[in-house]
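J.: I'd like to ask you about the structure that follows.
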């Protein structure tokens, strides 16, 4: 379910409202200036053909767009035929997330397009996101309009280089739920950036397309969760059930609505449903009281979320509240024994010359890496256009787009209510929508660049989550070292990585998502799991093998967490090129014989994954299995194809039986790796709308039935990685972070180690002796007898 987060909220716009430009500092193109560069067209078709143009001319042409006056007065012509409009230079990169202004205009445009007042009044806005343009548009922007300003990114044409005068308008995609009709629709709005003499800078929207999507339910919104909790707590039979359990103060009661999933026809998307879980806090005067320590069980509630009515209620079984746990809380001063550690000294991260990264809008450069940062309500952090600056070979692409597109959490207890706890946290709630405002010194350390995120709320207003994405450098221990044993001379380098991250809360759990970029060309994807266990209550003397007893009457069910990373790769591929393939590598043991007389031989065997059905693969640690994405037309100095390999970390597969109900919607969990040929609209492994989805195997499992060829293609990797959580007492009351992830590592991509040119550490052999630890600096133990007992 959704959670409260720090936001700045703007009111819902009316259809006629005007908003500020997304980039108010950008220059205005004069009407006269357009003639100097070309007649401005409506899209990519209006380009100026230049059959032969050298690099100097290209720079001159592209700089002409950026060097126009910023203080040019507006026209004072006030014709009665309409407001005078002046074309603006492109101010937002085609991959930049929608600004607050763009979201407001998109919402207002859709609301104004409603056919009747009833339709307009019933509109609720689930999601407003950028329609990501074709890769050729991205190449165009990166060549002439925005960093890295590299015209070599443009595909070669017979007519020579082409310099455009403008980029096509940005577009927004809206998922709209109509609360009155229970219909879900998708809208596409074109956002034209204009400037009007009377109203100042703003956007103008135009509906390009709209359609109603039948037989689906979109994600549940945070406002719906809050309303659902209030409806349940005010329901008289529910209040009676609480009194039967000795709960008179309803302010102590927590109602966490969960999506119902799809277990039978009763869960069909013809109704918008939620089945809440109920908990009870012990104290009301503690703002961080751990209410999850006392689950209230034996009560069945089904809520019609569309009409906010309880349609089914049953007090099935009186399960006593678990006893009050003195170890339930985790805030400072309320931990075990009520004493916090006193021997933790300050640790400061100091960069006296500032960071090594450079930021231009959403464009990031660091240690030969460059990429763009995006963000969506569903996925959260998105990394675009990943490339590496490789000396004379220039900017070499690695991936078009990297993101986490889904996560599924199935529980292993067959008893009610735990058997129906199968959360799709991205598709049913939204990872980005539940992201936090991060705090300096707590979530990130060092010299930090934050990025805000803008969303629509349920009624169409704009909400801003400040400091939503954190970007910073981290020391990461040793990068490489060698000491010559003959001379005693040594060379050592310390590793540094650039980390981009965000953190979200979904009900009781926290998930922190990271993309790490390393100096040796490696990219690491990491998820950190923490938060509070989802617990169950037990009858006196009861024991369940499907979980871990926390204390008598309270237990934590076993469960699994699965994450799906979607990676549209581009190893040495310019936008528009489709020259990648995937090979699987298994290390084989040589059979004894004349080729293996010493019985010690083993070797790596490669298998080309030729089609999508062949590319449904699982991890195999016994053969050190990994997969390499290679460019079919680029070689290294040995003549081998350049590539990047996916190296699995610890992983698992679903432990539920093959007929488990949640696998109807999560068939993609049946394999660790899927490979598909890129196709627009194939974005989420369980389909666009997994909430209450009755269709078996929608999404990835259906797409691969086309069995498209992969031998030379635009490749998308879908890597599913999971963890099986058998709870420990040490996971209570709040879980220490659990790490899970994988690595993308260069494999024949470079001609040698890209990390050999990292300079020696600045502090090597120059550390002050004052930093050496002596016996006198060792802190005395502060353990008390009470702490020792606990």
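Glycine is no exception: its Cβ is also placed from the backbone N, Cα and C atoms.
Just lifted these from Swiss-Prot, have a look:
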- 425: active site, proton acceptor (ACT_SITE)
- 509: active site, schiff-base intermediate with substrate (ACT_SITE)
- 423-434, 506-511: substrate binding site (BINDING)
- 559, 561, 725: Cu cation binding site (BINDING)
- 714, 715: Mn(2+) binding site (BINDING)
- 9-23: compositional bias 'Low complexity' (COMPBIAS)
- 444-470: disulfide bond (DISULFID)
- 509: 2',4',5'-topaquinone (MOD_RES)
- 1-23: region 'Disordered' (REGION)
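Please situate the listed features within the shown structure.
T.: Using a 10 Å Cβ-Cβ cutoff, residue 425 (active site, proton acceptor) registers 23 neighbours.
A simple way to gauge crowding: the CB of residue 509 (active site, schiff-base intermediate with substrate) has 19 other CB atoms within 10 angstroms, across all the protein chains here. Secondary structure at residue 509 (active site, schiff-base intermediate with substrate), as computed by DSSP, is strand.
Non-local neighbourhood of residue 559 (Cu cation binding site): 409, 410, 411, 412, 421, 534, 725, each in the same chain, at least six residues away, with C-beta under 8 Å from its C-beta. Secondary structure from DSSP puts residue 559 (Cu cation binding site) in a beta strand.
Within 10 Å of the C-beta atom of residue 715 (Mn(2+) binding site) sit 27 other C-beta atoms, taking all shown protein chains into account.
Close to residue 444 (disulfide bond) in the fold, though at least 6 residues off in sequence, lie 438, 470, 472, 499, 501, each with a CB less than 8 Å from its CB.
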J.: Of the binding-site residues 432, 506, 561, 714, which one sits closest to residue 425 (active site, proton acceptor) when you measure Cα to Cα?
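T.: Result for residue 425 (active site, proton acceptor): the nearest of the binding-site residues is 506.
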J.: Can you tell me whether DSSP puts residue 425 (active site, proton acceptor) in helix, strand or coil?
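T.: In the DSSP reduction, residue 425 (active site, proton acceptor) maps to helix.
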J.: Considering Cα atoms only, can you say which of 423, 426, 429, 432, 509 is the nearest neighbour of residue 715 (Mn(2+) binding site) among these recorded positions?
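T.: If we rank 423, 426, 429, 432, 509 by Cα distance to residue 715 (Mn(2+) binding site), first place goes to 426.
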J.: Rounded to the nearest Å, what's the C-alpha distance separating residue 423 (substrate binding site) and residue 561 (Cu cation binding site)? Just drop the number here, would you?
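T.: That separation, Cα to Cα, works out to 10 Å.
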J.: Could you find out if DSSP has residue 715 (Mn(2+) binding site) as helix, strand or coil?
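T.: DSSP call for residue 715 (Mn(2+) binding site): strand.
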J.: Other than its own, how many Cβ atoms are within 10 Å of the Cβ belonging to residue 725 (Cu cation binding site)?
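T.: That number is 21.
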J.: Measuring Cα to Cα, how far is residue 429 (substrate binding site) from residue 509 (active site, schiff-base intermediate with substrate) in Å?
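T.: Residue 429 (substrate binding site) and residue 509 (active site, schiff-base intermediate with substrate) have their Cα atoms 13 Å apart.
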J.: Just to be sure I understand the packing, how many Cβ atoms besides its own are within 10 Å of the Cβ of residue 714 (Mn(2+) binding site)?
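T.: The answer is 21.
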J.: Once the DSSP letters are reduced so that anything not helix or strand counts as coil, what is residue 432 (substrate binding site)?
T.: coil
